Amino acid sequence: MISLYRPGDSLLHRLPAGPKLLVVMALALGVSLAPADPWTLTGAALAVAACYLLAGLGAVEIARQAYKLRWLVLVMVVSQVFFLPALTMAANVVRVVVVILLANLVTLTTRTEQVVDAIERALTPLRRLGVNPSRVALMLSMTITTIPVIAGFATQIREAQRARGVPAAPLAFVVPLLIMALKHSDDLADALTARGID
Amino acid sequence: MDGSRRFETRDMTRIVAFAAILAVLGIPGAIPIGGSVPITAQTLGVMLAGAVLGAWRGAAAVVIFLVLVLAGLPLLSGGRGGAGVFAGPSAGYLIGWIFGAFVVGAIVRVGGRPPVWWRTAVGCFVGGALVVYAIGIPVQSAVTGLGLWETITTSAAFLPGDLLKVVAATVITMALWRAYPRAFGNPTRLRRAAS
């Protein structure tokens with residue numbers, strides 16, 4: 001599983017995941033509610049760019065992240081150009097791009113495991129409602145290891161059907177995939193029970 | 001099976017399996033589709049999670065999947081992922097998937113009953129389409145700054161694809177019920193609920 005994380009040793013990499021997510025959520029909300037004023041939004045965009053540089057990600061990474069948003073920008077422009085004045089539309093587009101780049105900064109500087117750990121800790125108060133944080137963490141890590149297994153089933157089914165000359169059809173593909181995945185999950189349950197995780 | 005919120009080991013691994021299926025359905029070309037119907041198969045996965053696992057476990061599978069997306073795995077269709085997708089215009093649709101899967105399960109498996117085709121079709125439409133729109137469209141409107149009514153108009157383009165997915169989810173659920181009834185839970189308890 002290839003994560004979107006970029007290894008590094010900057011201040012942003014070293015910050016704990018939970019507080020980092022909370023700060024970015026607050027900042028994102030601030031930008032979303034900011035007035036459609038060109039100066040404020042330019043300032044926000046420059047601040048986010050500065051954070052990328054601080055994280056050691058450089059202009060190329062900023063450009064790459066922004067380029068990923070090209071379809072989103074296109075769709076926003078096409079859907080708004082007839083309804084809204086040009087300045088409001090531009091402000092909306094910039095605001096969304098800035099917020100997404102800011103949120104992606106967390107992903108680029110935080111390991112998947114760190115986020116999973118932060119979520120496990122954040123769930124601790126929910127223990128009283130019957131949520132077991134360590135079980136949730138177990139399910140998250142089991143899912144990460146199960147995805148390649150089920151992707152393997154998908155390849156297996158596709159190749160078997162191609163060999164028999166079955167025409168491509170979602171039904172003939174998804175039903176065996178579900179059965180194989182559910183049988184695998186029952187095996188996994190037996191293995192867990194055998195190891196005393198119950 | 002009885003709608004209880006405490007998950008047994010077998011429930012846990014089924015939730016895991018469906019969270020992983022949601023991820024696999026997002027791999028480009030994972031589902032071979034005849035012709036050029038634009039289907040994002042992940043909404044189909046949301047409907048199936050609710051219909052097969054039931055309300056609570058179906059919603060849990062979607063939550064697990066979305067937490068991994070938030071944690072930085074590129075599992076959404078098109079290789080998208082990370083915290084950014086929860087800040088963008090489609091954030092509401094993703095959160096809507098959780099409630100959508102719950103409603104699909106609540107309708108299809110009402111009282112722990114096994115699926116019948118008409119309840120599956122209604123459940124997938126209400127949960128997988130209406131509930132997802134009801135949460136997704138206002139959020140999209142708020143994020144993009146486009147009015148609510150204009151957003152509804154532009155979202156109407158997805159309705160034909162979603163109707164196709166409702167049909168596909170119904171056919172797949174009923175085929176799975178005939179081929180592998182164990183998928184829907186304890187056989188004796190199902191028989192009791194059906195009678």
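Including glycine, each Cβ sits where the backbone N, Cα and C put it.
Feature annotation from TrEMBL assigns transmembrane segment to A:12-33 (among others). For the transmembrane segment (A:12-33), same-chain residues at least 6 beyond its ends with a Cβ under 8 Å from one of its own Cβ atoms are 44, 51, 54-55, 95, 98-99, 102-103, 105-106, 109-111, 114-115, 117-118, 121-122.
The transmembrane segment annotation in TrEMBL covers A:39-60 (among others). Listed as Cβ neighbours of the transmembrane segment (A:39-60) (distance under 8 Å, sequence separation of 6 or more from its ends, same chain) are residues 6, 8-13, 31, 91, 94-95, 97-98, 101-102, 105, 108-109.
Sequence-distant contacts of the transmembrane segment (A:72-103) (same chain, at least 6 residues past either end, Cβ-Cβ under 8 Å): 24, 27-28, 31-32, 34, 36-38, 41, 44-45, 48, 51-52, 62, 65-66. Annotated transmembrane segment per TrEMBL: A:72-103 (among others), in sequence order.
As annotated by TrEMBL, transmembrane segment applies to A:136-154 (among others).
If you look up TrEMBL, you'll see A:166-182 (among others) marked as transmembrane segment.
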